[in-house]
Amino acid sequence: MLEIRDIKTSYGKIAALKGVSLDIRDGGLTCLLGPNGAGKTTLIWTIAGILKAQSGSIKMGGDELAGLKAHQIVEKGVVTVPENRLVFPEMTVTDNLIAGAFSRRKEKGGVSEDLEAVLERFPRLRERATQEAGTLSGGEQQMLAVGRALMARPKILLMDEPSTGLAPIIVEEIFEIIGQLRDEGRTIFLVEQNANLALDYADHFYLLEQGQVTFGGDPGEVDHDELIARAYLGARKAS
Amino acid sequence: MIDVVQNTLDGLAIGSAYGLLALGFTLIFGVMRRLNMAFGSSILVGIFAGAWLHGQWAAGMIPIFAATLAGAVLAAAYVERLSFAWIRGDAALASMASSFALWMQLEDGIARAFPQRSYAFPSFDILPLLELGPLLLRPEFIAMFLTAAVLVVALHLMLTRTVFGLQVRTLSESREAARVSGVNVGRVAFLTFCIAAAIGGVAGFLIAATDGQISTKLGLWITMKGLIAMVISGLGSLRGALIGGLVLGLVEAQAQWYLGASGREITVFALLFVALILLPQGLAGRADAAARNEALRRL
């Protein structure tokens, strides 16, 4: 569904992505693992159009996404759940969710139905619908960020480290939600440091190390311990 | 006693114009998180466009008003492209310095095109002077106050009830989150800039029409009034900006009456000083503290 080919992104002179190629398959959970500083978040921001790639292509169907602006990429249906949630703290939960539907200019109708569906999915958000988002707990803010992304009717969900800064029990809860979304047949690209948990849910995975994809496969095919060591520590230290 | 009441009425009227100027500054600051130093000079361009139309064809109030607005919005659009859109969002100082340069450029351009010391601007003579017992109400002051009230209500409704307003709010809260939510950040920022300039243009028109004449010094004057009112209000809240403007107008009117023109200027700066020391978060309180800290962090 999303074909990423030889993407190079840098911050000034420092190359963060040195030619990344991978496929995000239709209707499944593709997971990107890797140690800190490998370029995982850079890849998400590059796909989302917030960072500009120096070269390479990102194709969805026949459409080229590389070079489009962030809002155009959301309009194409590629929607990001950013790291650290990034909700709008002084707006109500409801307004945060409505903000997720900005991209739907062509199909204006159905926003209130979708809002209802998101509140149905996350009853905790319904309880807090009129509260300012900044007053929610970390887990609730993560649900809100997922809900906001769903409001855009995404074809592909990009999720950046949904477990960051959350208590283990909340992380389990968030992953159950991700599992549900996958079981509904949605296409998800998950970037995660918590390799152990991510591999339980992934249909397919890639390992990103120092700005390059070094490994890819299905979770069943590989030795999890070896992979997890590399995902956390990087290749050199694990070998 | 009558003097105090009369000063209060006059102060509230001019203060509502200051409030509109501060509102323009605040709207831009809220969305861009950067200060636009060329705001006053954009309004100056608008006012001189109106004065030119007046001098050339003795046009009526409505075309002159339209020319003032158009001039201010066009000049602001020019500033937005050069000093904000083409400069990276995290380079707050670069935008400030660049907009300062455009302030000088616009003001100098106007001064060259209009070399006389002052130019006539049409004043409101349609409306009669109102007398309420011993009090005098100048019609242009009533117009100022009512216009400010209507604009503030309209702006509030736009920000809270429309999709565009929601987009403006998302942008002022988190630029990154707005972008991942599909907000066309560049477009919304540009339109906000134009709306702020239009509001400033209305204030400039009212101020010029009240004085009946204008000079190129007005740009600096507008910048000073708007910035002082915004700083008193604590940066970042629209309600605060309006209150800041009203307080500034009130203090000025009383000081002018009791201390004279030079005493007025000293009082205003004393007010600014006291406000910064006693109310570092501004008149509008807690919610704006975050925006202010954010601003300080970026500077």
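Going from the start of the chain as shown, residues are counted 1 onward.
Each Cβ is built from the backbone N, Cα and C atoms, and glycine gets one as well.
A quick note: this is a predicted structure, and the numbers were derived from the prediction, not measured.
According to TrEMBL, the features are:
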type	residues	note
TRANSMEM	B:12-31	transmembrane segment
TRANSMEM	B:38-55	transmembrane segment
TRANSMEM	B:61-79	transmembrane segment
TRANSMEM	B:86-106	transmembrane segment
TRANSMEM	B:141-164	transmembrane segment
TRANSMEM	B:185-207	transmembrane segment
TRANSMEM	B:227-251	transmembrane segment
TRANSMEM	B:263-283	transmembrane segment
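If you look at the transmembrane segment (B:61-79), the same-chain residues 6 or more away from its ends with a CB under 8 A from one of its CBs are 36, 38-39, 41-43, 45-54, 99, 102, 106, 121-122, 124, 126, 190, 193-194, 196-198, 200-202, 204-205, 208-209. Looking at which of B:12-31, B:38-55, B:86-106, B:263-283 has the most CB pairs under 8 Å to the transmembrane segment (B:227-251), the answer is the stretch B:12-31. Within its own chain, the transmembrane segment (B:12-31) is flanked in space by residues 39-40, 43, 138, 141-142, 144-145, 147-149, 151-152, 155, 168, 171-172, 188-189, 192-193, 195-197, 199-200, 202-203, 206-207, 210, 222, 225-227, 229-230, 233, 235-238, 240-250, 252-253, 291, 295, which lie at least six positions past its ends and keep a Cβ under 8 Å from the stretch.
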